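*Asks:* To start, I am sharing the structure in question, which I have written as structure tokens.
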Amino acid sequence: MTDAQMADFGAAAQYLRKSEKERLEAQTRPFDIRTECFVPDDKEEFVKAKILSREGGKVIAETENGKTVTVKEDQVLQQNPPKFDKIEDMAMLTFLHEPAVLFNLKERYAAWMIYTYSGLFCVTVNPYKWLPVYNAEVVAAYRGKKRSEAPPHIFSISDNAYQYMLTDRENQSILITGESGAGKTVNTKRVIQYFASIAAIGDRGKKDNANANKGTLEDQIIQANPALEAFGNAKTVRNDNSSRFGKFIRIHFGATGKLASADIETYLLEKSRVIFQLKAERNYHIFYQILSNKKPELLDMLLVTNNPYDYAFVSQGEVSVASIDDSEELMATDSAFDVLGFTSEEKAGVYKLTGAIMHYGNMKFKQKQREEQAEPDGTEDADKSAYLMGLNSADLLKGLCHPRVKVGNEYVTKGQSVQQVYYSIGALAKAVYEKMFNWMVTRINATLETKQPRQYFIGVLDIAGFEIFDFNSFEQLCINFTNEKLQQFFNHHMFVLEQEEYKKEGIEWTFIDFGMDLQACIDLIEKPMGIMSILEEECMFPKATDMTFKAKLYDNHLGKSNNFQKPRNIKGKQEAHFSLIHYAGTVDYNILGWLEKNKDPLNETVVALYQKSSLKLMATLFSSYATADTGDSGKSKGGKKKGSSFQTVSALHRENLNKLMTNLRTTHPHFVRCIIPNERKAPGVMDNPLVMHQLRCNGVLEGIRICRKGFPNRILYGDFRQRYRILNPVAIPEGQFIDSRKGTEKLLSSLDIDHNQYKFGHTKVFFKAGLLGLLEEMRDERLSRIITRMQAQARGQLMRIEFKKIVERRDALLVIQWNIRAFMGVKNWPWMKLYFKIKPLLKSAETEKEMATMKEEFGRIKETLEKSEARRKELEEKMVSLLQEKNDLQLQVQAEQDNLNDAEERCDQLIKNKIQLEAKVKEMNERLEDEEEMNAELTAKKRKLEDECSELKKDIDDLELTLAKVEKEKHATENKVKNLTEEMAGLDEIIAKLTKEKKALQEAHQQALDDLQVEEDKVNSLSKSKVKLEQQVDDLEGSLEQEKKVRMDLERAKRKLEGDLKLTQESIMDLENDKLQLEEKLKKKEFDINQQNSKIEDEQVLALQLQKKLKENQARIEELEEELEAERTARAKVEKLRSDLSRELEEISERLEEAGGATSVQIEMNKKREAEFQKMRRDLEEATLQHEATAAALRKKHADSVAELGEQIDNLQRVKQKLEKEKSEFKLELDDVTSNMEQIIKAKANLEKVSRTLEDQANEYRVKLEEAQRSLNDFTTQRAKLQTENGELARQLEEKEALISQLTRGKLSYTQQMEDLKRQLEEEGKAKNALAHALQSARHDCDLLREQYEEETEAKAELQRVLSKANSEVAQWRTKYETDAIQRTEELEEAKKKLAQRLQDAEEAVEAVNAKCSSLEKTKHRLQNEIEDLMVDVERSNAAAAALDKKQRNFDKILAEWKQKYEESQSELESSQKEARSLSTELFKLKNAYEESLEHLETFKRENKNLQEEISDLTEQLGEGGKNVHELEKVRKQLEVEKLELQSALEEAEASLEHEEGKILRAQLEFNQIKAEIERKLAEKDEEMEQAKRNHQRVVDSLQTSLDAETRSRNEVLRVKKKMEGDLNEMEIQLSHANRMAAEAQKQVKSLQSLLKDTQIQLDDAVRANDDLKENIAIVERRNNLLQAELEELRAVVEQTERSRKLAEQELIETSERVQLLHSQNTSLINQKKKMESDLTQLQSEVEEAVQECRNAEEKAKKAITDAAMMAEELKKEQDTSAHLERMKKNMEQTIKDLQHRLDEAEQIALKGGKKQLQKLEARVRELEGELEAEQKRNAESVKGMRKSERRIKELTYQTEEDKKNLLRLQDLVDKLQLKVKAYKRQAEEAEEQANTNLSKFRKVQHELDEAEERADIAESQVNKLRAKSRDIGAKQKMHDEE
């Protein structure tokens, strides 16, 4: 805009845009783009600098402060050239980066230009001062301006939203966001001001609203803001007028854009501010406005003073604000109430409740003595507040101190402490203020609601900005959460939806992730188990506190969510309990009192008093609040329940916020970003780090980037074509129908713009930023040029008319002057004087004769005039009828245009669907490629697995030798499995057959459809040929030779195309061979897959058998272990006996030592006893050794069997895994092969479709070629006719010239006669009179001829113009047909390789046409018969298609059943995965237990060593026993008793062995039963497998059984381990028993020593006993060795278990990985299969429908083309006739010119005769009398010529009648065409271009028809004129003859 245009903004211009001079100075400042840059700075973020040098990736620069810095090269950012200084749209910056945006805003802010565009949204910086940019002058200047036509402003954003609402018919919203103190409220007020100014309702509405002491609606909308600000705004740390509530103002408009109504929604009033403020803040403005003493009557009414410090609720912070005048604001608030229609009672109620809240804060309470209850400490303030609220003061105090609480069904009076009372007062004050505020909003909405119709709205959102204070509580969390949601909405709209729009429209676009997703923080707050959810949960628990809430927050989110952190508490600051990372920064929150704030409880006793208040407003506020009393009564009376009062603050806020977001999503948003320049509220100062932080958080840079990279402007194709066609009308011709998209493409490609700045979508054209503005400028410039040209032409035409009048005046004056001069020259002649004297006296007979002749001539002229009038009336009637027919045709054309538009819309819809389907196909192809890659990987794995499988087969052969015992069971189960596999194979074969049948049916279906299409094509072509033959029989008779020539040309083209056809057939054969090869490969793959499946099933059976064997061995091991335990118990008993005996032996040895000198008798007795004792001991030792040997053998056997079975299981598991992998790979290969086959089938179908389309095109080209040939023939015939007519006209012209020469000679003879009659005065007088009369008549005739000449010249010019136009059209038609023929031949040459066969068919059709010319009726009947046959075939094919559809549905049902079974197997697979995970945990437990067992083993080793040492000590003691033989006698009796006991113990051991054997037998029986049960279960499982009929189920079952076996084996190992630990414990007990027995034996030896002294006789026996004891020692040593062997075996077993555990862990990991892999593959394959099946079916159906409709439309379009060609032929005929008439006209004009020339010569001769002529006339009168007879003869000849000319005129009239007949024929043809076009209405969807060309041709024909009618009218008028002229000439000739 220039300075003159900026003058419209008045004083605001300098704050919106700098002057041209200042801008020019700024742009011409010195600037070096290579050195000017930005460098980072610690304090200022970025500073301007100049580059001094560059060294090794470092840059040395000098800042503008003179400081030299060295930075990395990638940290240096270029400055923009000076032309971009203070640019209004930052998206236009050359170098877009953070410092460029920052300094642009900073420089504009320094110049007080606070508004700046940033791509699609606007950025505004708070100026902290008043600027004159919002007055009415600025509003008027911005009204109706485009964004690019005016400087940035909030008014421009508002006007754009208003215009979008009117043009797009869509609701709009303006989101004004920013941090607290950024200026949101001011901008909101300006937006409302703008809408109220520009869209005000009419005068009637204003008068109506002005009634009842109210303002107009726009005034009420504006005044709602100060009323709400007084009660909802307050001073905060960052803002003196901060909105402490959010509001969404909806301004409703009518259909014409007039203001209709408005409403306001509010969110989250900060009610805690009513009772508490920080030091630097203050309460809501209304309190201080009331206390300003501007209205003293208010202070008296409210019983308050004007000192705020007298009231605790309003004096906790500051009480005054420098920038706010409370007294003036009070008057504004009061007047706003009046404008909004508040009654005086309502105003008084609002003020009273506000004053009562102030008194509430002054109420004092104290604690009763010796009680915790509170009592009032004075009642003055309570009395005041109760008075203002309409309550009883005593009831109020009682309700506060002793509220009634419902306990069960009874009410109890509860005592309150002082703290509780104060809290209750605060809660009541907050509730009263909040409800009063909400009531005010409702009341204002009721005022703003009008009954006028409303259609659209513009919403303005002003909500509390992001807040980070020193003390952040629950209110700050809610506010910040709201801002987080709004920022997320902005990000989603700007970055996600914008890019999704590009994808949806098919524009090539790479998705850009701007990293602006805030969903994590939002989920942390609002999702289940988020902060709000935990707060709600804690509010429901009665014993919950703030600390429990904190603990739950920490447990659920600390360390788990990145946005939740633990704060760092700093001394001197408020305590914080948790921190949240918001988009605008990290905020520390204090949770004290959150539970109470969320629940917001009220004293129900006081609330009940409120409901009964005498103040109407107070009772209204709490009428809907449900207390315990009202809740009970409500149940019986049907009143409102208490549920609403239980809704928490957080839940209510989230509900309102969700409603707001829903409303915003339904509108078109416009964003305004408000920025805080500094924290000090200093005008003109910008804090770079603060502003930079806000820009980063608000996504300003990202918004600019996507605006630059993306396409922010988009227009529908139809709208763009309609609006911008004026830029180049030639690109989109007026008479043609062109698709909107194609027209847009042509238009844009023809314009001189950057073609990379726009993209074409499916439905819209997309523009980069700035291009649409450039197009608008081009359009405005074009309009101005067009209007200027029109004005110039109009002025020129007016001046030409004026000039013509001036020339006419000049010519008239010249004629008058010439006549006067001639008269003056002859008036003094004697003869003239005599003539003047004699003329009045002469009354001769000549005059009478002349009068008679004149009368006769008048009669003739009158008759001709009547005839011409009758002829004219007839022609006028015909013209009226023709005009009527023309109008009818135009109406029909308009209807057809509407139908074509509908067809175009349907075609656009089909194109959209096609594009969507193509996208789906592309996606499916990508998935197919991924599957092929996976297939390649799986084939590689398959090869590896095959190698491993060969190795495993060898291992299996080795294992089969060890499994001879279970071979019988194996064979039995194998037979069963074989049966199952055979059945499964049978099922697979059935499925394969079904698939083959399905494919065959599909192919048959496709073939049937193709045949049907071919037959339909034949029917259509035959019907077309029939119509053509019926219409062109007459034409074909005269053009047989032309057709023969065309046929020869086509035959040559046919021979060319036949070779190409052979090539295409060979390629098709190659494709079919490839198809057969692929089918064979597919069959081989299926056979391999079946073989692999059978192998897998065999391996699975083998694994099951091995698992059964393992179970049996494990059961057997358990039985052996039980036997081993029994043996151990028996051995323990024997050991106990042995220890007793050894103890007795020691006692005997001691006694023997004491009785050393015993007798030999005693010695012998001792020997006998010793021998018996030794025998018993040997028996016992042998029994124990035998038991130990058997136990060791069993253990070893068990360990070996366990190891072997474990290895077998491992091998089988590996084999099974490999086979499963192979199976999955084969399945994937099978799927790939099937997909390839489907693709090949699709490709073949597409090729067939392409061939059919090309054949159709060849037919069309052939038809067009024939039409072009016929038109050329017509041109040649017309040319010959015109030549003959031209010759005839030339002959006529020569005759007319001869006639004119005769007339001239007659005139000369007359003049000679007059010279001869000089003497005869009377004759001379007669001659003079005759000459005078002739002069007058000649002059009259001259005038008439001049007029006729002018008319004829004009008509000639018109006819020449028409003729030139016709000639140009003929040339255009000729060139068009020639170029079309050339193009068509070129296209035929290009497509000849595919169209030979169709061309041959076309040639045959041509020959058939030539043959049918003679026998048309026979052909007609034959065609009808063929059509009937074809209809029968169509019905058959339809029946076949229906049967195929039925089979397809059955197959789909089978497929659905298989899918269901597969999903069941998937669920079982998931359960097996869970069990595998539980097994892994058990493995870890086993590992720990194993480590503990190793520790126990070490302890056992140490104890074993101790036992060996003790045994050596015992042997030494027994060696000394020989001295104690005497004492052995005493012990003998005891030993016998002990022997008996030992025998009984042995018997018990034998009994226990028998018992254990019985247990073994029972266990074997149970094992057999279990085995039978397992077999039965296996049989049931087999039956289930038979029912399942699927391969995946077997894989999952095998995995499940293997996992179960693993769990059981691990459990068995664990149990064995536990048993071993028990054995070791028992061994420890036995060792302790042995020690104890050794001690007792020592005592016995001491006692026996005394006996040995008495039995020295038995010393020899004692010696033998000593030897026996040595043998016992050897036996003990052997036992020790056995124990060591057992320990070693235990070690081996532990090692074996460890190996098996590791193998099991590895297998478990592999199994889990494979299970996960299979699960993921299965799920992905299932999803892909479902999608592909659904997409495939949809695609097939839609493609078939589209192809069918396309073919039908093409056929109909071809018919329309032929009809249009016929019309073109008729048009050419009409043009020939018009050309003929034009030539006739030229000839007539030439004759008229010659006649006029000769007439002029005669007049000159007559005028210049004078005296000489009179003398000559007198001399030659006699000569002329002689020549008169000859002249009469010549006159007779001229009469004959006249008759000839009349005959020619009759011929011309006949020719015009023929033209009329041609017109009627053309009209009939048009009528037929209209009928055909009506029949083609619904079938022209895929024939847009052809239909468009047809329509354009039709319009041209219609236009030419009109021109032909005009030319016919002109020709008729010319014929009439020629007749009139001929009559005049004949009359004159007769006159001359008579004279």
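From the backbone N, Cα and C atoms, a Cβ is placed for every residue, glycine too.
Grabbed the feature section from Swiss-Prot, which reads as follows:
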{"type": "MOD_RES", "residues": "K129", "note": "N6,N6,N6-trimethyllysine"}
{"type": "BINDING", "residues": "G178, E179, S180, G181, A182, G183, K184, T185", "note": "ATP binding site"}
{"type": "MOD_RES", "residues": "S417", "note": "phosphoserine"}
{"type": "REGION", "residues": "657-679", "note": "region 'Actin-binding'"}
{"type": "REGION", "residues": "759-773", "note": "region 'Actin-binding'"}
{"type": "COILED", "residues": "842-1939", "note": "coiled coil"}
{"type": "MOD_RES", "residues": "S1139", "note": "phosphoserine"}
{"type": "MOD_RES", "residues": "Y1261", "note": "phosphotyrosine"}
{"type": "MOD_RES", "residues": "S1271", "note": "phosphoserine"}
{"type": "MOD_RES", "residues": "T1277", "note": "phosphothreonine"}
{"type": "MOD_RES", "residues": "T1284", "note": "phosphothreonine"}
{"type": "MOD_RES", "residues": "S1309", "note": "phosphoserine"}
{"type": "MOD_RES", "residues": "Y1310", "note": "phosphotyrosine"}
{"type": "MOD_RES", "residues": "T1311", "note": "phosphothreonine"}
{"type": "MOD_RES", "residues": "S1512", "note": "phosphoserine"}
{"type": "MOD_RES", "residues": "T1515", "note": "phosphothreonine"}
*Asks:* Among all the protein chains here, how many other CB atoms are within 10 A of the CB of G183 (ATP binding site)?
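*Replies:* There are 25 such Cβ atoms around G183 (ATP binding site).
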*Asks:* If one looks at the chain holding G181 (ATP binding site), which residues at least 6 apart in sequence have a CB under 8 angstroms from its CB?
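*Replies:* For G181 (ATP binding site), the qualifying residues are N126, T236, R238, N239, S242, G465, I676, K681.
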*Asks:* Could you state the CA-to-CA distance between S1139 (phosphoserine) and G178 (ATP binding site) to the nearest Å?
*Replies:* 95
*Asks:* For the region 'Actin-binding' (657-679), find every same-chain residue at least 6 residues outside the stretch whose CB is under 8 Å from a CB in it, and list them.
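*Replies:* Cβ under 8 Å, 6 or more out: 105, 109, 118, 120-126, 128, 154, 157, 160-161, 164, 168, 170-179, 181-184, 187, 238, 248, 265, 267, 459, 461, 465, 481-482, 485, 489-490, 493-494, 685-687, 690-691, 694-695, 698, 700.
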*Asks:* Counting other CB atoms within 10 A of each CB, which of the recorded positions S180, T185, S417, S1139, T1284 comes out lowest?
*Replies:* T1284
*Asks:* With an 8 Å cut-off on Cβ distance to the G178, E179, S180, G181, A182, G183, K184, T185 Cβ center, who else from the chain surrounds the ATP site?
*Replies:* N126, N239, S242, G465, C674, I676
*Asks:* Can you tell which of the binding-site residues G178, E179, S180, T185 lies nearest to K129 (N6,N6,N6-trimethyllysine) in space, using Cα positions?
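*Replies:* Checking each of G178, E179, S180, T185 against K129 (N6,N6,N6-trimethyllysine), the shortest Cα distance is to T185.
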*Asks:* Could you count the residues of the region 'Actin-binding' (759-773) that DSSP puts in helix, in strand and in coil?
*Replies:* 3 helix, 6 strand, 6 coil
*Asks:* Inside 10 Å of the Cβ of A182 (ATP binding site), count up the other Cβ atoms and send me the figure.
*Replies:* 24
*Asks:* Could you check what DSSP calls the residue listed as 'N6,N6,N6-trimethyllysine' once collapsed to helix, strand or coil?
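*Replies:* The residue in question, the residue listed as 'N6,N6,N6-trimethyllysine', is coil (DSSP, three-state).
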*Asks:* Just the number: how many Å between the Cα atoms of S417 (phosphoserine) and S180 (ATP binding site)?
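*Replies:* S417 (phosphoserine) to S180 (ATP binding site), Cα-Cα distance: 39 Å.
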*Asks:* Taking the region 'Actin-binding' (657-679) alone, what is its mean pLDDT?
*Replies:* 90
*Asks:* DSSP says what for the region 'Actin-binding' (657-679): how many helix, strand, coil residues?
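*Replies:* DSSP classes over the region 'Actin-binding' (657-679) add up to 9 helix, 8 strand, 6 coil.
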*Asks:* Let me know the DSSP-derived helix, strand or coil state of G178 (ATP binding site), please.
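*Replies:* Looking at the DSSP assignment, G178 (ATP binding site) belongs to a strand.
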*Asks:* How many other Cβ atoms are found within 10 Å of the Cβ atom of K184 (ATP binding site), counting all protein chains shown?
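*Replies:* Taking every protein chain into account, the count is 28.
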*Asks:* Tell me, how many other CB atoms lie within 10 A of the CB of G178 (ATP binding site), whichever protein chain they belong to?
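*Replies:* Result for G178 (ATP binding site): 24 neighbouring Cβ atoms inside 10 Å.
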*Asks:* Give the helix, strand or coil assignment DSSP yields for S417 (phosphoserine).
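*Replies:* Assignment for S417 (phosphoserine) reads coil.
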*Asks:* At the Cα level, what's the spacing in Å between T185 (ATP binding site) and T1277 (phosphothreonine), rounded?
*Replies:* 86
*Asks:* If you count other C-beta atoms within 10 angstroms, which of the recorded positions E179, T1277 is the most crowded?
*Replies:* E179
*Asks:* Pop the Cα-Cα gap between G183 (ATP binding site) and T1284 (phosphothreonine) into the table, whole Å please.
*Replies:* 92
*Asks:* Measuring Cα to Cα, how many angstrom lie between G183 (ATP binding site) and T1277 (phosphothreonine)?
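*Replies:* Per the Cα atoms, G183 (ATP binding site) and T1277 (phosphothreonine) stand 86 Å apart.
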*Asks:* Does DSSP put G183 (ATP binding site) in a helix, in a strand, or in coil?
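*Replies:* G183 (ATP binding site) sits in coil per DSSP, no helix or strand.
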